[in-house]
Amino acid sequence: MSPTACVLVLALAALRATGQGQIPLGGDLAPQMLRELQETNAALQDVRELLRHRVKEITFLKNTVMECDACGMQPARTPGLSVRPVALCAPGSCFPGVVCTETATGARCGPCPPGYTGNGSHCTDVNECNAHPCFPRVRCINTSPGFHCEACPPGFSGPTHEGVGLTFAKTNKQVCTDINECETGQHNCVPNSVCVNTRGSFQCGPCQPGFVGDQRSGCQRRGQHFCPDGSPSPCHEKADCILERDGSRSCVCAVGWAGNGLLCGRDTDLDGFPDEKLRCSERQCRKDNCVTVPNSGQEDVDRDRIGDACDPDADGDGVPNEQDNCPLVRNPDQRNSDKDKWGDACDNCRSQKNDDQKDTDRDGQGDACDDDIDGDRIRNVADNCPRVPNFDQSDSDGDGVGDACDNCPQKDNPDQRDVDHDFVGDACDSDQDQDGDGHQDSRDNCPTVPNSAQQDSDHDGKGDACDDDDDNDGVPDSRDNCRLVPNPGQEDNDRDGVGDACQGDFDADKVIDKIDVCPENAEVTLTDFRAFQTVVLDPEGDAQIDPNWVVLNQGMEIVQTMNSDPGLAVGYTAFNGVDFEGTFHVNTATDDDYAGFIFGYQDSSSFYVVMWKQMEQTYWQANPFRAVAEPGIQLKAVKSSTGPGEQLRNALWHTGDTASQVRLLWKDPRNVGWKDKTSYRWFLQHRPQVGYIRVRFYEGPELVADSNVVLDTAMRGGRLGVFCFSQENIIWANLRYRCNDTIPEDYERHRLRRA
């Protein structure tokens, strides 16, 4: 008996059981049978509809049918009645699109279609986006089934991408190719300037060779001579026209050239003096007395027209410098009464050894034999600040250390211990600095506004950075035409917007703005590293000796003579925004290690360093960890949890990140070391208020390395200095710094690209 017939018999039996009555005999049989068959067919239609929507009931009926076959039930005796078999793979048995197979045990569903997971009967959508099939920064949209990726991000191109299933998503990634905007013309660099393609974007650089100007004023072919304001330039073809604060124009010879700007000659060693004399009268027009060795002070003790920096017998006494115990003072007899490193002719303590020749008050008498080291007319034995002039000898905390030199003037600490070299004694050093400018909150005149310079023009205890009336003249800074100089009347005879009281000298420090390195800070007027702090970064190590620093050219040149442990020479002036430049030169063919400079120095655990290694080398002391130095220029942020010592020493040597010590912010991808006896000019821009850092290096007139924009806010300002590590005979010449809080144009472009 077929399953359909069995169902028919069951339906007829059900009809009779519900009181439909017996089938009558006789002449009325045919109509009655017809009606019952019609009713039966209607009932079967209901059953079929029920089978479509209820899978469980279908399964039950299938099992019932199979049981009917097993019981051997006979066809109904009703004449003329036929039945059809019920299909095992009824509609809805399997998920749409899944193959259904009839078996002896019932219907069997095949696998779920691509993009779904389940048993074939029930399938759910797979989220292919979890496999990250799209290009970074591109949104993935999951669909049912499959996925698709949105368009490639700005700066990239590529086809649309979509697919179905995890396997496809894992093995087929969206491909977006960098657009070279410099080749396609999709950039906004001014004509005749350098366009540098970057991943997903581009950067605009200086003018191309043969052109002068910048991205703001445009690049004109040399010979056209235009100034930034568009006026014809009076400068030499190798000079740049600079627009000063007062609107006047100045001419400055380009890197690799020297002179007065109206005339420029080749400057091989980049010390600011031309190789040959120029036909102009200014000092910088004179012939360089050491053409290949930078000596920005042009010192020449024996006046033989050969500078001391390159004269094998600088003092002309017949004794070579290497053997001369007074290389800069003529002393052919080489007499040395106290047997130190210095002959009597140049020894500031002839009868007492003092190799350091330190002379705090610069009176010609070394500290080692001077009974009044600071020159305040109080003998050392009675002076509570023997190295700092303090006539009043005040000592607020009574610890025997005068307030003028006490690193905790309100707290008893006679030992003056200061492990992090920040001039705040450990006894009162909280290390709480919420604005990150290097001044702890209790000593910061603007605790919540970064102002590393701590400038306070009206000396009211409130820093200019958070004072709305810097000069305390009753006129708010926002409308004061002399913000730093009291002028309540606001006189301005020429009506140029700058008050008469500060015309030409904005900070009234008696140094005109044109030559003032910080025209808005009366405390800083000229570049000067004559007073500096020595910081030894591995004080306990015995691998090498400490650095030996020599300052020349009235504080604008520093020489380090020894193969030494890592160390710093740090100036005392702190800066907010700053431009820092100088000439770097290793004047020897001996060794191949690190030299560089620092900025943002806040303490011996917190500073930025730009350092250059000549050759790859593993540090010779593997304790506390192996450190490998790679050749090339590196920019690092130092935030050491231990401070000076072997941990920081090895972290500085290592090219890369070291946890809790050093982060590598940028490395010159050329991996090129410095060359022996070759001069390089660096230019640093630091704007701590936004974290902007950019450093460039020139070899002669050619740009050889450019970090482009680096953003980091670990140090919100600080002091400047120079750095050495295991390298002798380093010269930092023609040093210049300048206060500058103006945000460079490329900062905004970089910020938008990152966003």
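Here the Cβ of each residue, glycine as well, is placed from N, Cα and C on the backbone.
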Query raised in the report: Looking at Swiss-Prot, which of CYS149, CYS152, CYS189, CYS195 bridges to CYS176 via a disulfide?
Result: CYS152
Query raised in the report: Per Swiss-Prot, which of CYS227, CYS235, CYS264 is disulfide-bonded to CYS251?
Result: CYS235
Query raised in the report: Looking at Swiss-Prot, which one of CYS385, CYS428 makes a disulfide with CYS408?
Result: CYS428
Query - Listed residues ASN119, ASN142, with the one flagged N-linked glycosylation site by Swiss-Prot - result: ASN119
Report task. Among CYS112, CYS134, find the residue that Swiss-Prot gives as the disulfide bond partner of CYS123. Result -> CYS112
Query - Cross-link partner of CYS140 (disulfide, per Swiss-Prot) out of CYS109, CYS129 - result: CYS129
Query raised in the report: Taking the Cβ of CYS94 (disulfide bond) as the centre, how many other Cβ atoms fall within a 10 Å radius?
Result: 22
Query - Within the repeat 'TSP type-3 6' (417-454), residues counted as helix, strand or coil by DSSP - result: 6 helix, 0 strand, 32 coil
Report summary line: Sequence-ordered, the disulfide-bonded residues among CYS253, CYS285, CYS466 whose CA is within 10 A of the CA of CYS235 (disulfide bond) come to CYS253
**Report entry** Alpha-carbon spacing, CYS204 (disulfide bond) to CYS241 (disulfide bond), which is rounded to whole Å
**Finding:** 20
Query raised in the report: Top stretch among 332-344, 412-424, 456-465 for CB pairs under 8 A with the compositional bias 'Basic and acidic residues' (350-365)?
Result: 332-344
**Report entry** DSSP three-state assignment (helix, strand or coil) for CYS123 (disulfide bond)
**Finding:** strand
Query raised in the report: CYS219 (disulfide bond) has how many other Cβ neighbours within 10 Å of its own Cβ?
Result: 22
Query raised in the report: Where among the disulfide-bonded residues CYS207, CYS346 do you find the Cβ with the fewest other Cβ atoms within 10 Å?
Result: CYS346
Report summary line: Other C-beta atoms within 10 angstroms of the C-beta of CYS446 (disulfide bond) total 19
